[in-house]
Amino acid sequence: MVDYSKWKDIEISDDEDDTHPNIDTPSLFRWRHQARVERMAEKEQEVSKLKKEKEEYEAQIKKLKEKMKTSEESTDMTTLKAALNELEKKGENIIKKQKDFEKKEKLEPWNVDTISSDGFSKTIINQPVSRKEDDMSEEEKEKRMKEFVGKHESSIKKYGMFRNFDDSRRFLMVSSRD
């Protein structure tokens, strides 16, 4: 049996939407798109906020651990340990927020903007090929053939002397590498 459950979380089905005749369909799609874009912007802000919190937390932990290394065993150390424990609780809270955000992101339905991404960032167009033999006049073909024979005369004579197929094949394999 085919599992179609992966398709239920896609928010794209424009063709299935039957709108009321009095509602302007392009406007409705435009409003939905704008709402999607706003939700994505809010999500980006939330991601940046979480990253900032995590960076601040890591900087505070690092600073506190350096203080603990430099300070001596005294009453100052107990306050530093208490502050470290408090920061670790804050870190657990940040990790919990990240996991909740990841769960929320997984449950979020796909839409037109998130379902795919560009595979290539540029397009390369082939250069025009040189003139084909069909387009050449008889004189051009003859000139091209004479140039080729003049350039490869020794190889052509050597190839013409072979009687065995294997020898011919071996010669072509070796000469094609040169």
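Note that the numbers count up from 1, one per residue, in the order the chain is shown.
In case you wondered, yes, glycine gets a Cβ from its N, Cα and C as well.
Since this is a predicted model, take the numbers as computed values, not measurements.
Check TrEMBL against the ranges 1-26, 53-78 and you find region 'Disordered' recorded for 1-26. Applying DSSP to the domain 'Cdc37 N-terminal' (1-123) sorts its residues as follows: 82 helix, 2 strand, 39 coil.
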